[in-house]
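**Student:** The structure follows.
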Amino acid sequence: MRNHRTSIFVVLSLVIILNGQSGFLPRAGAESKVHIVYLGEKQHDDPEFVTESHHRMLWSLLGSKEEAHGSMVHSFRHGFSGFAAKLTESQAKKIADLPEVVHVIPDRFYKPATTRTWDYLGLSPTNPKNLLNQTNMGEQMIIGIIDSGVWPESEVFNDNEIGPVPSHWKGGCESGEDFNSSHCNKKLIGAKYFINAFLATHESFNSSESLDFISPRGYNGHGTHVATIAGGSYVPNTSYKGLAGGTVRGGAPRARIAVYKTCWYLDLDIAACSSADILKAMDEAIHDGVDVLSLSLGFEPLYPETDVRDGIATGAFHAVLKGITVVCAAGNAGPAAQTVGNTAPWILTVAATTLDRSFVTPMTLGNNKVILGQAIYTGTEVGFTSLVYPENPGNSNESFSGTCERLLINSNRTMAGKVVLCFTESPYSISVTRAAHYVKRAGGLGVIIAGQPGNVLRPCLDDFPCVAVDYELGTYILFYIRSNGSPVVKIQPSRTLIGQPVGTKVASFSSRGPNPISAAILKPDIAAPGVSILAATTTNTTFNDRGFIFLSGTSMATPTISGIVALLKALHPDWSPAAIRSAIVTTAWRTDPFGEQIFAEGSPRKPADPFDYGGGLVNPEKATKPGLVYDLGLEDYVLYMCSVGYNETSISQLVGKGTVCSYPKPSVLDFNLPSITIPNLKEEVTLPRTLTNVGPLESVYRVAVEPPLGTQVTVTPETLVFNSTTKRVSFKVSVSTTHKINTGYYFGSLTWSDSLHNVTIPLSVRTQLLPYYYDEN
């Protein structure tokens with residue numbers, strides 16, 4: 001029997017992905033480790049034939065069938081061709097030299113990165129003519145979730161009033177530990193797990209002490225949580241101990257969910273997801289017939305490499321060519337620049353914002369001043385109690401006074417029976433846990449943590465009052481303590497505040513652009529709510545209330561977009577993944593739903609720009625009728641690959657047909673994205689874009705430009721005319737600079753408008769008069 005222990009740290013590990021720490025990655029064996037041998041587009045429709053060809057290739061390398069069989073980890077045979085195998089470095093180099101091999105990718109490990117969201121985004125079921133009801137809530141769509149598994153008993157997987165399984169579904173439910181096919185129904189229609197590559201590196205995982213279930217069942221609730229957000233069924237009367245009350249539902253509440261488990265728990269607080277297992281899951285999902293793939297996973301940006309060595313990007317490319325939109329998390333390494341992950345231009349990459357909701361926690365000081373902090377505190381009121389600031393706690397160094405991290409060395413006499421104020425430079429998610437533990441252990445009754453906004457709230461163990469404020473409010477409280485002989489404070493339980501005056505912000509943890517791999521490709525693409533999202537979890541998870549929990553991260557924003565993509569695909573089944581992305585990006589809000597400026601949380605807080613949120617905050621209803629789209633097909637992706645230096649042989653194998661790159665090499669600026677990013681402007685640059693009409697046949701659009709500061713932007717022609725015979729029209733954009741020095745990025749926009757639609761793309765331009773120059777001054 002496995003020991004399925006529960007710990008707060010398990011929850012914390014999945015709230016934030018891409019935290020920049022890779023120390024948990026296992027060391028490879030002395031002789032061999034898992035490599036992905038990628039062969040490009042499959043050359044045969046019979047999957048058994050494809051797999052046999054993989055074994056023959058490995059046999060020819062290793063010299064015997066037995067060694068080939070023992071080395072093989074996965075065969076990719078549906079969406080594309082390739083395999084994962086345990087190889088030494090010399091074997092990997094030898095097989096990489098074979099002409100039929102596109103490239104060999106060393107296995108790497110990724111990490112896993114509601115009641116209000118959908119009303120906030122204007123996607124309410126009460127409007128009979130909106131996107132939800134026009135698509136029957138996505139009933140014929142299948143959303144593939146590649147994550148940490150699922151808790152099938154959750155109410156969000158009920159199949160009440162849902163019709164038969166869509167006819168294009170070809171997948172199934174695999175049995176395993178505490179999971180069998182009876183756990184699937186007309187909502188949860190598929191469940192598989194992929195562990196071979198993980199086990200190749202973590203052979204001891206099979207021991208009885210392993211936390212996780214070797215099956216589609218998830219030990220931690222991360223996979224269940226993201227599945228809820230994307231396509232969970234209606235569950236009324238939910239809340240977290242009275243906070244955020246309402247009905248939990250997914251973006252496409254009647255869509256079907258197929259779960260592909262690739263993430264496994266190594267320890268109480270660590271999960272790892274092998275890129276080879278992820279790639280195998282994507283291959284199976286393509287075969288099974290999913291319409292959308294949602295991956296709340298990521299890795300630090302692969303700075304020295306291109307997307308050819310990124311397993312998710314490789315699988316996503318083949319999925320997109322087969323009409324499947326792939327939605328991925330931007331990552332949680334913000335607010336620093338150039339931290340965005342999942343940067344391949346065929347992936348829809350998602351940043352995270354707050355909602356128009358907060359959990360205010362009133363604190364009344366002895367001078368009757370009420371401070372509204374933030375917390376998820378659902379305990380009883382703490383009546384007027386002594387308030388203390390630990391001055392110089394047991395150390396002669398005054399710089400330690402009042403710091404949350406030094407509360408451990410304070411005497412119990414200072415904090416016992418009191419509420420403690422402390423200051424921190426650490427991320428809130430770390431400091432609050434430590435400070436609450438120290439104060440509670442010393443007999444304190446509550447803690448107020450002053451620090452930089454972190455956008456990550458979670459309750460403290462045993463409903464201990466732990467309230468967050470910023471430095472300004474913390475300093476006010478400190479002045480009150482120092483100016484009063486007997487300072488006191490009263491802490492009331494948290495309350496849910498919705499709507500105005502709560503503003504929308506890009507979360508501080510959300511990873512930022514510019515794109516560190518290919519600067520001319522704007523990332524992230526779009527933003528969606530991802531802060532304090534209430535959704536389902538496993539019942540053994542700390543901080544759950546009746547199987548529901550708050551989590552934050554771009555992990556939560558990603559399935560929000562996945563649910564919207566499912567609805568758009570149901571409404572427009574002929575739209576390509578690129579057309580769907582364009583519709584989402586060009587119709588996004590650049591202000592919040594109340595018309596107010598969206599800010600980006602950071603140091604300092606600033607107005608949000610395209611490197612924070614891409615096109616803006618997703619606007620689902622507007623995306624149904626974008627008017628025009630910036631579409632992409634195979635030829636466009638080939639242009640991109642030629643422009644960034646893929647060799648012709650690799651491109652030919654990747655796309656399954658002979659390819660010759662033009663000379664001179666095309667510019668990546670010509671790639672038909674719903675954005676224009678010019679990272680190195682010196683001389684005037686002219687670049688093309690093509691728009692496809694998906695609105696009224698007879699349409700006339702006129703251009704309006706907001707040029708980035710210090711640039712001149714000219715569009716030719718200034719008017720686009722569409723009719724029954726002209727559905728695609730191209731235009732050119734010329735950009736020049738008036739700056740006399742190297743600059744940072746400035747931002748603007750380009751909008752095509754008729755009487756019904758505004759088709760807006762962001763402009764991001766940096767002047768570089770001295771090219772290839774790093775300015776550290």
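Every residue, even glycine, has its Cβ placed from backbone N, Cα and C.
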**Student:** For the candidates Asn397, Asn484, I need the one that Swiss-Prot annotates as N-linked glycosylation site.
**Tutor:** Asn397
**Student:** Do me a favour and check the Cα-Cα span between Asn758 (N-linked glycosylation site) and Asn723 (N-linked glycosylation site); whole Å is fine.
**Tutor:** 18
**Student:** Quick one: of Asn237, Asn647, which of the glycosylation sites has the smallest count of other CB atoms within 10 A?
**Tutor:** Asn237
**Student:** Including all protein chains displayed, how many Cβ atoms other than that of Asn133 (N-linked glycosylation site) lie within 10 Å of its Cβ?
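**Tutor:** So the number of other Cβ atoms within 10 Å of Asn133 (N-linked glycosylation site) is 13.
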**Student:** Going by DSSP, is Ser555 (active site, charge relay system) sitting in a helix, a strand, or coil?
**Tutor:** helix
**Student:** Going by DSSP, give the three-state secondary structure for Asn133 (N-linked glycosylation site).
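**Tutor:** SS state of Asn133 (N-linked glycosylation site) = helix.
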**Student:** Taking only same-chain residues 6+ apart in sequence, whose CB is under 8 Å from that of Asn180 (N-linked glycosylation site), what do you get?
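**Tutor:** Listed in sequence order: Cys173.
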**Student:** Select the closest residue to Asn237 (N-linked glycosylation site) from the following active-site residues, measuring between CA atoms: Asp147, His222, Ser555.
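**Tutor:** That would be His222, the closest of Asp147, His222, Ser555 to Asn237 (N-linked glycosylation site).
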